Structures are given as C-alpha cells and as structure tokens.
Amino acid sequence: MASEQLPVDGVAAAAAASGDEPFLGLLDIALLAVLIGGAAFYFLRSRKKEEEPVRSYSIQPTTVSTTTATDNSFIKKLKASGRSLVVFYGSQTGTGEEFAGRLAKEGIRYRLKGMVADPEECDMEELLQLKDIENSLAVFCLATYGEGDPTDNAMEFYEWITNGDVDLSGLNYAVFGLGNKTYEHYNKVAIYVDKRLEELGANRVFELGLGDDDANIEDDFITWKDRFWPAVCDHFGIEGSGEEVLIRQYRLQEQPDVQPDRIYTGEIARLHSMENQRPPFDAKNPFLAPIRVNRELHKGGGRSCMHIELNIDGSKMRYDAGDHVALYPVNDKSLVEKLGQLCNADLDTVFSLINTDTDSSKKHPFPCPTTYRTALTHYLEITAIPRTHILKELAEYCTDETEKQLLRSMASLAPEGKEKYQSWIQDACRNVVHILEDIKSCKAPLDHVCELLPRLQPRYYSISSSAKLHPTDVHVTAVLVEYETPTGRTNKGVATTYLKHKQPKEGGEEVKVPVFIRKSQFRLPTKPETPIIMVGPGTGLAPFRGFIQERQHLRDEGKTVGESVLYFGCRKRSEDYIYEAELNEWVKKGTLTLKAAFSRDQEKKIYVQHLLEQDADLIWDVIGEKKGHFYICGDAKNMAVDVRNILTKILSTKGNMSEADAVQYLKKMEAQKRYSADVWS
C-alpha cells in the first residue's frame, strides 16, 4: 500500500510548496468526496456481509493470524502468531497428517497454541532455534513406509538427522509412529527418530508412541495422546482448561458467482490439468491413460480378477518390472447421492473450505472452489471406517440424546466405549454414509462432513508386465473387492469397482483413468544369470509375471539366464488359476520352474508354504550355494510371515546355522537386496 501512496503524497507536497493555488482545488474536493463515499459504501457492505453468516455452527473457528504462508520458516510463523507447539508429519496416505492436525488443534486446551507443518516445506535446521520460544515443543507423527523407509515428505529431514551431527540440546520433543506389525520393519522410522533426537541432545518430553495399523491404530493414538497431554502439562508446569472445545479448522464460503472455468472438477492440483495434459506426470499431475484391455482372468467361482492394460504412450513415463502404478479412483455415484440426501445438501453448490489458520501452507483440505458432488466423488474417502474424532464431532449435530451419547461414548477412552466402537463401527464395517443412515437424528452440515473426512488416496498396484516387452503399456492384475457386512449391506472396493466399469469398446470413445508410476526397490538381479525364487500366491503373481516376461525376452535375445522358480497358489485350478496358459508356455520353453498349490482341490488344504517346506534342498541350493535372490509378493499378515519363518528354518537346517545366525543371514540378504518383499495387509 505504501508504494501506491508515495506519488500522491509527492504531488500534494509540491502544490503546497508553490503557494500559487489552494491546497485542494474544486476538482480535488469532488474526487475526494467520491472516494470517501465509495470507501464508506464498501465498508458498510462488507460489514453487512460479515453480519450475515452463511451458516451458524456450535463449533467455533480457530483464531486467524496473518503472517505470509509462503515463507518456509516455521519459527517466524510460531513467533508471529504466539504459538509454541509445532507438529510435523511424515505421511504417505494422509493418516499421519490427520493425527498431526488433531494434536495441534487439541493444544489450545492446554494453553499451547499449535500449528501443523510438513517437514518437506520447512527449513528443519530451525529446530535449533525452537528452544528460544518459551514452552516450545516439537511433535513428530511419522509413518514407516515400504521396507522401513521414511515417507517421501520426511525423507530429507530423516537424512539430515541421520547424517548430521547438530546440537539439539534444549529442544523438547515427542514422537508418535504409524506402522503395521505384519511388516518386517515395524515403525522403524519413528523408533529411529525418537532415539536419534535424544542422541543429538534433545529432551524427550513423553515416551515414544507406536501405532499399529494392523490392529487399531486409532485406539493406539488416542490412548497415547491421553497420557501425552498430562505429561506435557507436568513438564511445562501448565494446567489444561478441562473442558474440551471442538474447533473448526476451515470456514465455509459458498461461491455461486465463480466462473465455471475456475471451478475444480477432479484435478489433483493444477486447474484444467486433465484437459491440458503436460509432463512430467506424478502424484500431483497424473496421466490420463487409455485402457486398451480389461478382461476377466477367473474362469468361475463367483469372484472376479481383472487383467487391465493401460496405454502410457506419449507420457514420457518409464517403468521397470517390479514398480507400482498408482491409480486415482472415484467414489460410487449412488453413495455420493445418498450422502447429499442425508445432509440435506444441494450437491451442485459451489463452495470453498478456507483454513482459518493463515499461517498454514495448506489453504484448503482439497482443491477449491469446487462442488460438493466433485468433492465427494474425487477428493474424499467416504467409504473408509471413520476414526473416533469424526464421531465426536458428528455427535454435536444429534437432536436425539441417546444417539448423541452413543457417538460420544464410541469416541471416548472408556473401555465400554472402545468395545462399542470396535463392534458397531469396525466389525460392522460402517462408513460415514451408514452412520448417518443409522443415527437418524444426526443432521450434520455437509461442509463439516467434508472437513472431517480424509482425502481419497491413490491405490497402488504392482505392475504385472515388463517394459522390455511392453514399453508403452502398463499391465495391472486386480481382484474385485466386494463383500457383505454384518448389517446386511454390500461394501465395494473404491478402485476395483471403478475399474470394473471402465470397459473399452471397439470403435467407441477412449476410456481413460488418471495414473502415475511409483518406483520401487523390488528389482530383478542386475546379472541375468543369477537364479531367483519367487513366492506369489493369487495376485501376488503380478510383479513376477513382469519378471518372467523379462527373463524370457533376454533368453530370446540369446542371453544366459539363471533358473527362475515360481511358487504360485490359488483356490482351484479350474476357477482362479490366473495366467495359466502363459505360465505353462514359459515352463515349456524352459524359462520357468513352476510349483503350484491349489488349496481347495483336495480335502486337506495345500498352500505355497507347504511346497516351500518340501523343497528345502532346492531353496538352499539357490540362495545358499548359488547366492540367488528370494522374492515374496502378497499377503503380509499370514503368508509373508510364514514364508520368512520357513526360510529361516531352511537356512538353519541346510546351512548348519543356529536360529540366531539364520536370522542374521536373512538380514544380510535384505541388505544386499537378495531378499525382497512387496506385501500388503
């Protein structure tokens, strides 16, 4: 504003100094009157608008502070807004970010104003200055991803504390980890960061919390934070306000006058990115890939498994066998309509949710302005099992006291409340639509529901082709997810249901889906002559189809290729034996040694685990004598754990090792990239 005033001040001063004419002429006075009148009209009009709230809420907004959000200095933001709590998150699917947001909001209860921060967008060396702020505290909500790796947005911070030797004395901190016990490296990142910060001189205010997504990560988190806050109060000598205040993070702004070309219609980041496609393509800028093939692989049995071929020609995206393709799905139209009806909302209303914390780099929870229909279709996870904080906030909109108490109870720490949440929400597989259907007096405004729901995440699939053979095509192998819940409803997988309906028609319009490639560490040996063992029951076969395609291609070129042994399993040879003809052809050509288990083709069930136990000599020969590679793909909870245990036993008996030495041998194989797992739970 100052720069705009300078020329006016200069003209006025020159006129006064000349003494030839009055300070203000008639024209000046007329112009000034117009300006003052216009300003008064604008001021009164804007005040009137402020006095006419779009909606009234029982939940109050947070206070607004006014520093610029483009600065990557979190210290400046904390100081400018009188805050002392910063909660960093390392998140791949959004849960870590959600937990960080909940902690920052709750800080107000304990006289610690908080902010959420993405370490990727911050100068993390400023942690050294945090001690200069009174009662300051840094909390880290960190997920472990892949084979014990930090998430993409926490990688730089992780490397900085790993390789650096900074003095963090005076820094108060706490860590909560998000992991899954079915994986080998359970919560590795959080455990390391908690220990490393202490080694660098920082002061642990509360013990490390570990969340297990295989059990009940929500329960782990709320139990941890219920003990965390009293420890924080004790450490800083402060008292909580007692009464819990529910706070809105975003304010609603309905925008009926926005031009249609300024409204987001499903784009992930850049407006019109789906119409005007330009590389590079990644998570924020997916490529619209035409589906060339979508065919059924199962021959019977009532279940469905799709073989899909995506055309990535012209995208400049490259992949290797073992990489993942990520797909952005959309929610089922009927569920979206149902949610709109339950909230008495016009789904075509154009709106924005605007962060009341102007220091946050996250201005909106999803791309805005948009319509409720687009938000619920493209941006929000409406089929997920809601976490307890959502129930707590929905309870405020219940007019029936019994229903209000039910939701509040399930959001509480009381044992009976936890049991009710487990049975009524988790075991019954109720999503937000089901909850609003069954809790009939809950009439939550749709904008608040949109604020509470997590972001719809891309779904990742192991690529089932080799770029050596299919450089412009990515193959996907996916089982359709559909099941009946204890309440008699049918729940459907978001992505596989979306894909099932994407059927290309000859001569018809192209059917496209938004995708990007994610690189993985799941790789064939660099030397083709190295022998490999692959264990992949069901769709766990996917990456190995790419591996075998590649090895067959190398053999066709006259190269020497090591032995390739595949352990595959399914229910029945006649029903769900996927890619049977291809596998048999590779066996016939001498490229593949195939060991197949059909669990339900005989009275006693046989799984790949049984075949591995029978082949102890072969397995030891490949990985012990010939230093081959061992791969697992599929179910992390049971199969992968069993296979690892069997492998440890084989190493122990055939390699004449103690059990401890066998475990170490396996860890050494992992370090050498000779043992790799691509598993899910």
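Using N, Cα and C of the backbone, Cβ positions are placed for all residues, glycine too.
Here the Cβ of TYR183 (FMN binding site) has 24 other Cβ atoms within 10 Å, regardless of which shown protein chain they belong to. Under the heading FMN binding site, TrEMBL lists 91-96, 143-146, 178-187, ASP213.
Annotation source TrEMBL lists NADP(+) binding site at ARG303, THR539, SER599, ARG600, LYS605, ILE606, TYR607, VAL608, GLN609, ASP642.
For TRP680 (FAD binding site), the number of other Cβ atoms no farther than 10 Å from its own Cβ, over all displayed protein chains, is 16. For ARG459, TYR460, TYR461, SER462, THR477, ALA478, VAL479, TYR483, GLY493, VAL494, ALA495, THR496, TRP680, the entry in TrEMBL reads FAD binding site.
The domain 'Flavodoxin-like' annotation in TrEMBL covers 85-229.
The annotation domain 'FAD-binding FR-type' is assigned in TrEMBL to 284-525.
As annotated by TrEMBL, transmembrane segment applies to 23-44.
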Could you give me the DSSP helix, strand and coil counts for the domain 'Flavodoxin-like' (85-229)? 65 helix, 35 strand, 45 coil
Using only C-alpha positions, which one of SER91, GLY94, TYR607 is spatially nearest ALA495 (FAD binding site)? These are the binding-site residues in the record. GLY94
Distance between ARG459 (FAD binding site) and GLY94 (FMN binding site) at the Cα atoms, whole Å? 13
Alpha-carbon distance [GLY493 (FAD binding site); LYS605 (NADP(+) binding site)] in Å: 28
Express the distance between the Cα positions of GLY94 (FMN binding site) and TRP680 (FAD binding site) as a whole number of Å. 17
Here the binding-site residues are GLY146, ASN180, TYR183, TYR461, VAL479, and the Cα closest to that of GLN609 (NADP(+) binding site) is found at TYR183
Write down the Cα-Cα distance for TRP680 (FAD binding site) and ASN180 (FMN binding site), rounded and given in Å. 10
